[in-house]
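Structure record follows, encoded as structure tokens.
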């Protein structure tokens, strides 16, 4: 029975901190939960230990899974594991002091409904078998090998924080930004706080035609009265209030039928107050004839584009457009060739675009150079051609060409006990719902491997106990979920005083100060 007692102690200590044991041990353990209310935990031995090796066992503790990254992929993987199996314990490690990844730092401020998923993630984080450890830089503070020694399974879900390069001369000039950094700037990502883009020009060019490109265009053109009611950061709001940008061109290398955005984002652009569309009619040659062969979502999107570009609007819409002070438009069949500099300066003056033609049709159509070019004067270029995952640790296989961890259904190739989910698994594609499904698939792979014996569940693993000891030795203090709730509370109070849902803390130092005081 001694092994069982030890396992219960570990199980309870992990969630509760200080222990007060009554005479009925091991059936009942009374515990002080993280310095708050006294709580009685009825620890059912079969529930704690069942499934350790696929059968009840007093010699083995619960399966312990560690997840690296607390964005949607990390939380959805954790959620499925906890719901599907009653004895799995999950620890989530995050480099920043705050959770939720791209839901916090990627979703546009004027899309608050998309952020409601945070409520589901919070429920997962507060589950008795889930723990959050922020302010822990995996790969630097602790290695993947050390995590593998402490857990039965390690899941990499840290997303895509790198930028895809345009690979053209002049892309390092002042005034050229990646969409990832630009989005991070207006969403309060600490590493993008100093971006301070120059918005003193009239024309901005966005390269790429996905939803992120449209988010950036919308933020650049939205009336300040709309933005100031969102959680956009105060420095960004002040910069946008002074912005001289009046025209945004959204450039793509292929045609209207291959555009990557969704109809919701396009409709938002069409209806954006104080703006009017500015399209090139010739870009839509032959598109009407191709409509009948398109799948329904693509057909609806293309019909809205055609209507916006070519149809004469009704009287009310015509009046609205005539009063608009800002314009936006798609430019199709264009690829960047060179960012042009002001003579004798390191600042951008414009962009040279190659004019393409399409070979093939539908989604498989390829853009082919015609040899013609076009120069577009502009003072701001935002490259929205995709995010890119980066390797985290030399011990983890990484495909640098595809920028993913090579895997089969989330199982990392040639690395037993190592898994991945989210954009690290698939590349940066899809919306939050896509990530949810791919994360559930990874969780299912882990559960299958536990049940089949592919994952060795026979040995008890120390989990966060040994990692916490390592971090303490290295001078790293993790941020718990209750610490995050202090940050959350301060941000919401700061927002309330400005009539916003939240005013984000913009530096790691500020976050840690609030978390630990």
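Please read every residue number as a count from 1 along the shown chain.
The backbone N, Cα and C atoms fix where each Cβ goes, and this holds for glycine too.
TrEMBL: automatically predicted annotations, no manual curation.
Taken verbatim from TrEMBL:
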- 73, 94, 102, 138, 423, 430, 431, 432: FAD binding site (BINDING)
- 209, 210, 211, 212, 253, 254, 265, 430: NADP(+) binding site (BINDING)
- 64-220: domain 'FAD/NAD(P)-binding' (DOMAIN)
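Ranked by CA distance from residue 209 (NADP(+) binding site), the binding-site residues 73, 102, 138, 423, 430 have 430 at the top as the closest. Ranking the binding-site residues 102, 212, 432 by how many other Cβ atoms lie within 10 angstroms of each Cβ puts 432 at the bottom. For residue 431 (FAD binding site), the same-chain residues lying six or more positions away in sequence with a CB closer than 8 A to its CB are 211, 262.
For residue 210 (NADP(+) binding site), the same-chain residues 6+ apart in sequence whose C-beta sits under 8 angstroms from its C-beta are 260, 261, 384. On the 0 to 100 pLDDT scale, the domain 'FAD/NAD(P)-binding' (64-220) averages 96 in the predicted structure. Spanning the residues 209, 210, 211, 212, 253, 254, 265, 430 that the record associates with binding NADP(+), the maximal Cα-Cα distance equals 20 Å.
The binding-site residues 94, 265 differ in how many other CB atoms lie within 10 Å of their CB, and the one with the most is 94. Sorting the binding-site residues 209, 211 by the number of other Cβ atoms within 10 Å puts 209 first.
Of 73, 102, 138, all annotated as binding-site residues, the residue with the shortest Cα distance to residue 254 (NADP(+) binding site) is 102. Among the binding-site residues 212, 253, 265, the residue whose Cα lies closest in space to that of residue 138 (FAD binding site) is 212. Within its own chain, residue 73 (FAD binding site) has 101, 157, 159, 421, 422, 423, 424, 425, 435, 438, 439 as residues 6 or more apart in sequence whose C-beta sits under 8 angstroms from its own. When the Cα atoms are compared, residue 212 (NADP(+) binding site) and residue 102 (FAD binding site) turn out to be 12 Å apart.
Just so you know, of the binding-site residues 138, 430, the Cβ with the fewest other Cβ atoms around it within 10 Å is the one at 430. Spacing of residue 94 (FAD binding site) relative to residue 265 (NADP(+) binding site) is 30 Å (Cα to Cα, whole number). Here residue 253 (NADP(+) binding site) is positioned 26 angstrom away from residue 432 (FAD binding site), judged by their C-alpha atoms.
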